[in-house]
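According to TrEMBL, the protein carries these features:
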type: BINDING; residues: 27, 103, 106, 131, 132, 182, 240, 265; note: S-adenosyl-L-methionine binding site
type: DOMAIN; residues: 19-255; note: domain 'Tetrapyrrole methylase'
type: REGION; residues: 281-305; note: region 'Disordered'
């Protein structure tokens with residue numbers, strides 16, 4: 001995933017109290033926003049949802065019902081190329097809140113927005129929330145035993161980066177776990193359309209646990225430096241914080257064959273494990289820990305039989 005983070009842009013009309021709010025929405029649904037964040041949203045006139053670095057598990061109509069404000073989607077072009085006119089200029093005369101799926105500082109784009117706002121003399125207030133960086137502990141691995149986080153991107157025929165292999169190697173050398181954030185492609189252009197200047201976009205793509213594992217196996221086969229092996233213990237997590245959350249542990253080669261369902265997915269390569277971590281992962285080695293809705297459906301089917 002990319003580390004996973006989506007934003008809302010909210011413009012507030014408080015006189016004499018102009019502010020750029022950057023508000024985390026959490027990972028699950030519209031109800032995960034904090035009370036402080038919700039209060040800020042409800043005081044706003046304009047709300048933009050940044051939706052290319054992460055996804056929330058609900059449609060915007062549910063957000064609008066709770067937040068009592070219309071929600072407009074903001075793509076990469078709006079956030080990265082039109083931020084001055086769409087976000088920063090309004091913030092000079094109105095209060096603006098930029099809300100994020102996950103935590104506000106999960107993407108460098110959002111950090112850049114804060115820097116630019118402060119350079120223009122715009123006050124900035126950040127309201128934090130849960131992100132995949134801390135929610136990864138849902139699998140039972142202890143957060144303080146994680147090392148450097150890496151990002152895996154989709155490969156092309158001519159571009160197959162593997163620099164993150166070295167970070168995994170460093171982590172495992174000192175016994176630390178590695179959180180792998182998996183690529184998201186939303187409103188992306190093909191190389192041909194980009195070169196020709198055509199605003200034609202590819203269908204959304206979200207890297208799966210299976211694809212990430214297969215990529216890692218390919219890199220180890222090519223480099224052969226022993227950073228990990230097909231038998232290295234891993235944990236795949238999908239839709240964290242949502243009712244259909246799925247957590248499954250197994251070897252790298254095993255998870256490469258598993259279907260984790262809809263996005264978003266993340267992968268963890270385990271380092272040295274505490275005995276409590278080992279015990280917790282044992283319970284996730286077959287069907288995994290499934291979301292409440294999926295588990296209830298399974299129980300209903302078993303009852304019918």
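Glycine residues also receive a Cβ, built from the backbone N, Cα and C atoms like all the rest.
Quick caveat, the model's predicted, so the values are computed rather than measured.
A strand conformation is recorded for residue 265 (S-adenosyl-L-methionine binding site) in the three-state DSSP classification.
Following the DSSP three-state reduction, the secondary structure of residue 106 (S-adenosyl-L-methionine binding site) is helix. Long-range neighbours of residue 240 (S-adenosyl-L-methionine binding site) (same chain, six or more residues apart, CB within less than 8 Å of its CB): 27, 132, 135, 136, 138, 264, 266. For the S-adenosyl-L-methionine site, whose binding residues are given in the record as 27, 103, 106, 131, 132, 182, 240, 265, the maximum C-alpha distance rounds to 17 Å.
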